[in-house]
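The coiled coil feature in TrEMBL is assigned to A:110-137. As annotated by TrEMBL, domain 'Transcription regulator PadR N-terminal' applies to A:6-76. Summarising the annotation, TrEMBL assigns domain 'Transcription regulator PadR C-terminal' to A:91-171.
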There are 2 protein chains.
Amino acid sequence: MLEYIILGFLMKEEMSGYDLKQWMVNCTSYFFDASFGSIYPALKRLEEKGHISCHEVIESSKFKKLYAITDVGKTYFLNWLEKPIAFSKTKQDHLVNFYFYQYLPNEKAISNLKIFISEVEELLNRLSNQKSDVEKEYDVNQFKFIYSAMIYGVNYYQFIIDWCNKLLKQIEGENL
Amino acid sequence: MLEYIILGFLMKEEMSGYDLKQWMVNCTSYFFDASFGSIYPALKRLEEKGHISCHEVIESSKFKKLYAITDVGKTYFLNWLEKPIAFSKTKQDHLVNFYFYQYLPNEKAISNLKIFISEVEELLNRLSNQKSDVEKEYDVNQFKFIYSAMIYGVNYYQFIIDWCNKLLKQIEGENL
DNA sequence: GAGTTCATGTAAGTTGTTACATGATTCA
DNA sequence: TGAATCATGTAACAACTTACATGAACTC
């Protein structure tokens, strides 16, 4: 998946491994992120396969290895993109915890739920602000899919918060 | 995470590696599943650590290695469970695809969205039926957390379907 | 008696992360 | 001049999956 994401970003413009990481942190980290330890080897592999090409530059007096997608790479990427998407059941790690909360005293369940909620709320706020910025600065119709992904992210976080709150009220109701 | 899930299941009753896999497929696969190739080595590790113990039996004329959680294991599990849950951003693989759909012709985007929707709809139907069965057979108040997880699963699938349909209508509207 | 399900396990491969190492440049 | 950021990279580890191997029992 990482190699496809890299190709996807390079469809827009050439960039370095460091740039790619920045893009992920700023734009896709709510559904995909990768470490330098996987990005750099991936770039090496993609170059070996001929999907990308590299040229070294000095940009604002900083050494950079800029990677550009090749025609072979473009064909490869688009061929992958047009294939039907297999829904891969995503691990919802937090559900593993909640699933066994029957073994926890209610007070502990409540306090942990509250901590978890505020954790997700912070992520929601950050993404929500980012979404507002995009709405102000860009014509969202031109970035339909990217903007839709943001809406997904915001609504997904909200969904988790709502679910937690419902569960919270249910347990709290019992404690009375 | 796998080792904790195993301990969690063994909190209920002793079972074999095969049983554990069955439980995951039938009960948790919408948010967590593991292969035999990871379950059996995990059981070995847990036994070495003294978190579980094993005894071999013939159950309905079939050889089984039944694992039971030890007191040490129980303490270890509960100690993990009561810690605050770190929200780990789950990779939403399908979003990686949709994020780059600007590079796909609208017709292809539409057909792929439709395929994806029916894929998720099938999962939703299966889980939805399972949920109905649980509602009929059990007192859901006794399995609050397990039942809440099911609601999470159903609503999560529905959320994805709704998001896809919205996006679909938006693209289809453009094609007129 | 042939195929399916039950049951356990291993070896190799996949796909990452974490921690470290290096060095240049920028900024206070 | 010392800390932070920019920039690239590797080695070790982690946590799995896939594919294979084995064999007993059940089912038609």
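In case you wondered, yes, glycine gets a Cβ from its N, Cα and C as well.
In TrEMBL, annotation is done automatically, which means it is predicted and not curated.
Mapped onto DSSP classes, the domain 'Transcription regulator PadR C-terminal' (A:91-171) shows 74 helix, 0 strand, 7 coil. The helix, strand and coil residue counts that DSSP assigns across the domain 'Transcription regulator PadR N-terminal' (A:6-76) are 36 helix, 17 strand, 18 coil.
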